[in-house]
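Copied over from TrEMBL, here are the features:
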| type | residues | note |
| --- | --- | --- |
| TRANSMEM | B:7-25 | transmembrane segment |
| DOMAIN | B:58-114 | domain 'Protein translocase subunit SecDF P1' |
| DOMAIN | B:168-273 | domain 'SecDF P1 head subdomain' |
| DOMAIN | B:275-444 | domain 'Protein export membrane protein SecD/SecF C-terminal' |
| TRANSMEM | B:296-314 | transmembrane segment |
| TRANSMEM | B:319-339 | transmembrane segment |
| TRANSMEM | B:345-366 | transmembrane segment |
| TRANSMEM | B:387-413 | transmembrane segment |
| TRANSMEM | B:419-446 | transmembrane segment |
Amino acid sequence: MKLQVIRRRGLWWAISVGCIVAGLVAMGVLWNQIGMPLRPSLDFVGGTRLQFELDCTKPNNCDRPIQTAAVREVVDAEGIANSTIQVLGQEQQAVTIRTTALDVDQRTKLQAALESKLGAFDVRKTQIDTVGPTVGQQLFSSGLLSLIVSFAGITLYLTIRFQLDYAIFALVALFHDILITVGFFAILGVINGTEVDSLFIVALLTIVGFSVNDTVVIYDRVRETIALSPGRHINDIVDDAVNQTLTRSINTTLTTLLTLIALFLFGGETLKNFALALIVGFIMGAYSSIFIASSLLALWRERTGNAIAPASATATDAIAPHDQVG
Amino acid sequence: MGRQRGLLLLILALVIASIIVIVKVPTRLGLDLRGGSQLTIQVNPSEEVKQITERELEAVQKVIEGRINGLGVSEPVIQTVGENQVVVQLPGVDNPQQAERVLGGTAQLDFRSENPTQIAFLQVRQEELQELQAKQPALEKAGDQAAIAANQSAIAAKEKQVEDAIKQVYEKTGLDGRYLRDARTELQGNSWAVGISFDQKGADLFADLTKKAVQTNTRLGIFLDDQLLSAPTVPAEFAQTGIIGGNAIITGNFTAESAKELELQLRGGSLPVPIQIVENRTVGATLGQDSIRSSIIAGIGGLILVLAFMIVYYRLPGVISAIALTIYALLTFAAFNLLGVTLTLPGIAGFVLSIGMAVDANVLIFERTREELRAGKTLYRSVESGFFRAFSSILDSNVTTLIACAALFWLGAGLVRGFALTLALGVVISMFTALTCSRTLMLYVLSIQSLRKPELFCPNLRSKPPVEVTS
C-alpha cells in the first residue's frame with residue numbers, strides 16, 4: 001500500500017479544513033453565548049469550586065442521597081448567586097458547587113449551612129478551589145505567553161536545523177493541530193459544557209512539543225533523499241519520504257496514545273480531559289505531518305521553482321550521515 | 001566486545017542503584033496527592049506603600065512565616081512568587097479556614113512595656129507550678145491514682161495561669177508598627193545588631209517608653225502578631241530623657257542570620273500593606289490517596305500496553321526495547337527521588353506520557369534497522385546503521401519537546417511546572433536509555449549465535465520483495 005500524499009492532497013486538505021471549520025463554528029456559538037471561544041474553568045475567570053462528600057462512618061449520615069434541590073435551597077438562602085450544583089458518586093453522596101469567588105467567611109458559613117441540612121461532611125474528602133479573578137488573568141496570560149515562546153523556540157530550532165521554508169510549514173502544521181484541538185474542546189463545550197483549565201494549556205504546549213516530531217522525521221527523510229538524488233522531482237521525493245517513514249510516524253504516535261488511553265481510562269477525573277486533549281492533538285499531529293506539512297512543502301517548492309533541488313542546496317547537511325544504501 | 005561488557009555492567013549497576021534509591025529515598029508527593037492546602041497570598045499596594053518591591057515582599061514573607069509557625073503545621077513551605085505574591089503550602093491541612101483567617105490581614109507590630117507588678121505575679125505562678133511538678137514523682141511512687149489525677153489537673157490549671165500571666169506582663173503602649181520607619185542590620189564592632197528608626201511621633205512615644213523602662217527597671221517587649229520577637233533592656237544612661245531622636249540599636253547575641261530575621265520581622269510588621277488570599281487549593285487526604293491509586297493504575301496500564309505492542313510488533317528488538325523501557329522507568333523514578341522532585345498529579349501524567357515518548361526512539365531505530373535489512377544489508381550492519389541513522393531524528397524530536405518543556409517551566413505556575421519538569425527529565429533519560437541500553441543489549445544479543453536470525457528482527461523478510469530505500 002502506498003499513500004498518495006501529493007496526488008490526493010485536495011482530499012487531505014478538505015478533511016483538515018472540515019475539522020477546522022467545525023471547531024470555528026463551535027467557537028462562534030460559544031462566543032455568542034458567553035463571549036469566549038472556549039468555556040473557561042475557574043482557573044481563568046476566578047471563582048470557587050467546592051466538593052463535599054458525606055461522612056459515611058457516622059451512623060445514619062448516609063441514609064439518603066443528596067438532592068440537588070436541597071443544596072440549591074441552601075445556596076440561595078446564603079445569597080450566593082450564579083452557582084452551579086452537581087451531585088456526584090454512585091450513591092449520590094457527594095456534591096460539587098461552583099460559585100463566584102467566596103472568601104473564607106462566606107465559605108465557612110455555606111459549609112455549615114449545608115452540613116446542618118444534609119449531614120456531616122468528611123473533611124478528608126473535601127476539595128476546595130478558590131481562584132481570585134486577578135490570579136485567573138495571570139494564569140491565562142502566562143499560559144498564552146509560554147505557548148508563544150515555545151512556538152518561537154521551535155521555529156528558531158527548525159530554522160537552524162533545516163531551512164526556513166521547512167520551519168514555516170512545520171509551524172503551519174502545528175497551528176493546524178492546535179486549532180483543531182481547541183475546536184474539538186469548543187465543540188465539547190457546546191454539547192457537554194466541558195470547560196478548559198490550566199492543564200488544557202499544558203496539553204496544548206505538549207502537543208506543540210510532540211507533534212512537530214513526526215514532521216521533523218519526515219523532513220529529515222525528505223532532506224536525506226534530496227541529498228542522495230538531487231535530480232528527482234520534489235513531489236516524488238515527498239511521496240517516498242512520507243511512505244518510507246509512515247510506519248514509524250504511526251507507531252511513535254500509537255505508543256504514546258497507548259499511555260494516554262491508559263491515563264484517560266484510569267487516571268481519574270482531573271486528568272481525563274487533559275488526556276483527551278493530548279489524544280486529539282497527537283492524532284492531529286500525526287495527520288498533519290503525514291498529509292499537510294509534507295504536501296505544503298512540495299507545493300511551495302514547486303511554485304517557487306525549486307521542485308528539483310540542485311545538488312549544492314543540501315551539501316551543507318552535516319548531521320544526517322550519508323553512508324551508502326542498497 | 002570488552003566495551004559492550006563494560007557497558008552492560010554499568011547498566012546493571014545503574015539499575016541496582018536506582019532500585020536502592022527508590023526503596024531508600026522517599027518520594028516527595030505534592031499537596032494534590034498527599035492532601036493539604038496551598039494558599040496564594042497577594043500583597044496589595046496601599047496609600048503609604050505605593051509599589052511592592054522585593055524588599056517589601058521579603059519582609060511580608062517573614063511575617064507570614066511567623067504566623068504559620070504559630071499554626072503548628074508540619075513541613076510548611078513558604079515561597080515568594082513573582083512580584084507581589086507569597087505561596088504557602090500546608091501539608092495535611094484538610095480544613096484551611098483557620099489558616100486563612102490567621103494569614104489574611106495586615107501585620108500587627110507593637111512595642112509594649114513590662115508591668116512590674118505582673119512580673120512578680122508571674123514569678124509566683126511559675127514557682128507554684130514548679131512545686132506542683134515536684135510533687136508528681138513522689139505521688140507516682142505512692143501509687144495513689146486519685147491523688148495523681150488531682151495533681152495533674154492542678155498542674156494543667158497552673159500552666160494556663162502562667163500563660164495568662166505572661167500575656168499580662170506586657171502592656172500595649174500605643175507605639176506600633178505605623179511609626180516605625182525602617183529597620184536594618186548593622187555591624188557594631190564585632191557583633192551584629194539591628195538598628196531601628198521612628199518617625200517624629202514614634203520618636204516621642206519611644207522616648208517615653210524607654211524612659212519608663214529604665215526608671216522601673218523593666219524591659220521592652222516587641223510583638224509581631226501578638227508573639228514576642230525581642231525583649232531588650234534599656235541602658236541606665238537614658239534614665240533622664242529616654243532614647244530620643246527616634247533612632248535606636250538593638251544589640252544582643254545576634255548572628256548575621258538572627259539579626260537579619262529580626263530586621264525582616266520588624267520591617268514586615270511596619271508595612272501598612274494589606275495582604276489577601278487570592279487562591280486556595282485544598283485537597284482532602286482521602287482524595288489524594290484516590291488520585292495516587294488511579295495514577296499508579298494508569299501508569300502501569302500504560303507501560304504494559306506499550307510493552308505488549310512493542311514485543312508483538314517488533315519481536316526480538318521489541319523484547320529488548322521492553323527491557324530498556326523498564327530500565328528507563330526505574331532510572332527516571334529514581335532520578336525524581338534523588339533530585340527531590342515533588343510529584344504532583346500532572347507530574348505523574350508527565351511521567352506516564354514520557355513512557356510512551358521514550359519508546360519513540362526505539363521505534364525510529366528499529367524501523368530504520370528493518371529498512372536496512374530489507375535493502376539486503378547484513379544483520380549486524382543493519383542494526384549499526386539503524387542506531388546511527390536514527391540519531392538525528394531522535395535528537396530533533398527530543399529537542400523540540402524540551403523547548404516546550406522549558407517554556408512551560410519558566411512561565412508556568414506551580415502544578416504546570418511539575419509536569420514540565422517530569423516530562424523533561426523523562427525525555428533526557430530516555431535519550432540515554434535508547435542510545436545506550438537498547439544499543440548495548442542489541443549488540444549483546446547479536447553476539448549470541450542462536451539469536452542472530454534476521455527473521456527475529458523483521459518478519460516476512462524474504463516473502464516480500466526488498467523495498468527500495470532510495471533510488
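Cβ atoms here come from the backbone N, Cα and C positions, even for glycine.
DSSP labels the residues of the domain 'SecDF P1 head subdomain' (B:168-273) in these numbers: 40 helix, 41 strand, 25 coil. Most Cβ pairs under 8 Å to the transmembrane segment (B:345-366), among the stretches B:319-339, B:387-413, B:419-446, belong to B:419-446.
Residue counts for the domain 'Protein translocase subunit SecDF P1' (B:58-114) under DSSP, helix first, then strand, then coil, are 21 helix, 18 strand, 18 coil. In the predicted structure, the domain 'Protein translocase subunit SecDF P1' (B:58-114) carries a mean pLDDT of 82. With a cut-off of 8 Å between Cβ atoms, the residues of this chain six or more beyond the transmembrane segment (B:7-25) that come close are 327, 330-331, 333-335, 337-338, 436-437, 440-441, 444. Long-range neighbours of the transmembrane segment (B:387-413) within the same chain, counting only residues 6 or more positions beyond its ends whose Cβ lies under 8 Å from a Cβ of the stretch, are 81, 357, 360-361, 364-365, 367-369, 419-421, 423-424, 427-428, 430-431, 434-435, 439, 442. Sequence-distant contacts of the transmembrane segment (B:419-446), counting only residues of its own chain at least 6 positions beyond either end whose CB sits under 8 Å from a CB of the stretch, comprise 4, 7-8, 11, 316-317, 320-321, 323-325, 327-328, 331-332, 335-336, 339, 341, 343-344, 346-351, 353-355, 357-358, 361-362, 365, 379-380, 383, 387, 391, 394-395, 398, 401-402, 405-406, 408-409, 412, 452.
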